[in-house]
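Peer 1: Submitted below is the structure of interest, expressed as structure tokens.
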């Protein structure tokens, strides 16, 4: 009896996700040449970002601990293999229970959407109640995945792989593999005949394909992943060019990494978490998707979501604030810069623009602060010893891990 029940349940699921009910909307669908060109462009961009770390490794500019690289690839793939199906299943459950969508409507959402008519999204969002709950759905599962992935990357760098070359190469390679598999899936399994396959193929996107991006939801998710890897690779390259070697300045690199990535992780996410459901003062922006807008409330959330984590890191000692001159001011400056770049960047490219611009600011701030300190002969007195009329001051080790000493009045 258990086997019969299981077979019936399996048949029911298959019927739900494969039945091709007539779609009650009209208008042109995306053409095959346009779809293929967009997929090839995304794949090309992903491959180009991988070429940067590979070139740096081959030239000797970026050494790699290959043992840590192997651990990194296993950690990243293992984490995403677990996370993505869970997020997809939870989204389906939410759409069915909280939003009240039919199985056919959910199948449209989890599928490629590229074969859907142009007015599919406006018809789906016509009911105000449905529109509001779909906004919440996008916030929970799209930005939830964003926060999970970046937070795990920060933890991964702090506790699992601390070698910069291994970190950059493993993250970059895994991104290329993901985009490649996503592009193949969209290319081979689009159209009504393959609706049933997307019950499990949608796991490749991990619910990152925002519903309100309409038919371009999956392309937007792929662009977001690619631009994020561009951002991580670019910020690492900027740091390599502008900061002392990591082995000579571990505290500096630890603080710089936190200040560059935390605004992308939490500031960017807070913009959508607050702005999407609560934003009232909205304005149009450029982007890949059918709904491209932001709000002043979301911009304020980006600022606070970028500033507060930086202050927590500095205030709790999670990173040494003495590693960069005037680090508290830098945290505020990065929050302002992140708000500006997140607002004006083409949607889905902010994952690149935010960390790259933040990395440039950190490098400039460090060099200017170092020059000011040297010009003023300024020292941070971490400890002192009486020596007649002078004290022996221990200078903050901004450069390297070895403190320098000087006699001060």
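Cβ from N, Cα, C; glycine included.
Automatic, uncurated: that is what TrEMBL annotation is.
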Peer 1: Looking at 100-120, 352-372, which stretch does TrEMBL describe as transmembrane segment?
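Peer 2: Of 100-120, 352-372, TrEMBL gives transmembrane segment for 352-372.
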Peer 1: If you look at how TrEMBL annotates this chain, which of 46-69, 166-189, 190-213 comes out as transmembrane segment?
Peer 2: 166-189
Peer 1: Ranges 3-25, 72-94: which does TrEMBL label transmembrane segment?
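Peer 2: In TrEMBL, residues 72-94 carry the label transmembrane segment.
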Peer 1: Any contact between the transmembrane segment (352-372) and the transmembrane segment (253-274)? By contact I mean 3+ C-beta pairs closer than 8 Å, pairs at least 6 apart along the chain.
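Peer 2: Contact criterion met.
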Peer 1: Hey, which of 72-94, 139-160, 166-189, 253-274, 326-345 has the most Cβ-Cβ pairs under 8 Å against the transmembrane segment (220-241)?
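Peer 2: Ranking 72-94, 139-160, 166-189, 253-274, 326-345 by Cβ pairs under 8 Å to the transmembrane segment (220-241) puts 166-189 first.
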Peer 1: Considering only the recorded stretches 139-160, 166-189, 253-274, 326-345, state which has the highest number of Cβ pairs under 8 Å to the transmembrane segment (72-94).
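Peer 2: Looking at each of 139-160, 166-189, 253-274, 326-345 in turn, the most contacts to the transmembrane segment (72-94) are made by 139-160.
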